[in-house]
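Notes follow once the structure below has been shown.
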C-alpha cells in the first residue's frame, strides 16, 4: 500500500505531465496562426493572425465562465450544471491542471472554424461565434463523451454504456475536430465563396496562399503540439496495469505518440503522390494538409489501436481529404484552409476507423486501467462485434446534428443582420487595410501595383 509520500510524488508527476501536455497543445495555437497566415493572401494576413489571437482570448474567458462547467459539471448526461467560473475547483475529480488542459482543447475548436470563413468575414462575427462555440456548443459535446456522466461516455460504467461500449473518442476526432469542421462548413456555406474564387461558368480560380514557408512552419508546430494532444489525453502517466505490472499508462503514452506520427506521415505520403497524379506536380501545401488530415483521423483511436492500424487510418484519411476537396470544388464550396473537409471529413473517418480497428486489450487498458477479467466491445474487424462501431456512428450523427442546430442559425442570423460578411469593396481591398488600418508587411506587394487600385476603384464606383 502506497504511503502518503509516495502518493504525493505520484500525483505531482501526473500533474506535471498534464501541465506539460497542456503547454504542447497550446503551442498548436501558434501552429494554427502560422498555417492560416500562410494560406491566405498577403492582404488578409494581419486579419487572420488577429482572429487567431481573438479565438484564444475570447475562448479563454468563455470557457472559464461557462465552458468547463457545461463540459465537466455533474448532474445529468446531457450538460454540466456546476463548476461555473471554476467554483469548487479544485476538488476530488478535477484540478487546475485538468482545467488548463481542457481549455487548450476548447480554444483550438474556434481556430478550426476561423479557417473555413477566412478572407471575407467581419471581425465582430468572430467575437460572437468564438464565444458561443467555446462556451457552449463544444462543451456540451465534450460532456457527452468525456464526462463520466455523459450519455456517450465510454467511462460511464456498467449498463450505462451506449451499446455496452460507449463512444471511444480518446483525444477528440469528433469532440474537437468534427465540431470545428461542421461549424466551419455552415459558416462557409452561408457566407458563400470569396469574390473571384469561381468564374462565370462555375470553374474554380486558384487563390493560393501567399507564403508556403509559414504553412510548413505551422504544420510542424501542429505536429509537435499533437504529441501533447493525443498522448496527453491519458491525463495521468503513473498508472500501472494490474494484468501487466511492467506496463502502465507510460507504455500507452509512447505507443500513442507512435500511432500519431505514423498516421500523419502515411497520410502525407499518400497525399503527395495522389496530388502528383491529379495535378501533375509535387505540392508542398497539399502534403501539409494531408499530414494534418492523418493526425485528425488518428486522434479518436490513437490509444486503442496497434501501430500497423495507424497506417491504414492515415492512408484512408488522405483519400477522404482528396475526395472531399474535389467534391467541394464541384459544389462551389470555398474553404481557404480546407478546414471543413480536413477536420470534418477526416474527423468523421477517425471515429469510424476506431470502431473497426480498436484492440480489446488496449481498450481495457485505456478505459479500465488494465483491470483483470474485464471484457469490452472492440473493433468490428478484429472480432469485437457491432457495439463499438454503432456507438461511433451515433457520435458522428449527433455531433453533426448538434453543431448544425446551434451554429447554422447563428451564422444565418448574423448574415441577415449584415454582421457576417464584409462588403465587396472591402474584400477586394483586403481585410488588413479595410478593417485593421494597414498591412501585415511593411513592403506589401500590392503597394507597388497601381492596377490593383484601378481595379478596386472601378469596383467601388460601380464601373466594373
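Placement of Cβ uses the backbone N, Cα and C atoms for every residue, glycine included.
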Annotated transmembrane segment segment (source TrEMBL; candidates 192-210, 211-229): 211-229
Same-chain residues at least 6 beyond the ends of the transmembrane segment (211-229) whose Cβ lies under 8 Å from its Cβ atoms: 20-28, 30-39, 42, 45, 104-105, 171-172, 257, 260, 264, 284-285, 288, 291-292, 295, 299
Cβ pairs under 8 Å between the transmembrane segment (166-190) and the transmembrane segment (98-118), at least three: yes
Surrounding residues of the transmembrane segment (125-146) on its own chain - C-beta under 8 Å, 6+ positions past either end: 51, 54-55, 58-59, 62-63, 65-73, 77-80, 102, 105-107, 109-110, 113-114, 152-154, 167, 169, 174-176, 179-180, 183, 187, 395, 398-399, 402-403, 406-407, 410-411, 414, 419-420
Positions on the same chain near the transmembrane segment (386-414), where near means CB under 8 A and six or more residues out: 125, 128-129, 132-133, 136-137, 140-141, 144-145, 152, 154, 162-169, 174-175, 178-179, 182-183, 186-187, 190-191, 300, 348, 351-352, 354-356, 358, 363, 377-380, 420
Per-residue pLDDT averaged over the domain 'Ammonium transporter AmtB-like' (17-441), given as an integer: 93
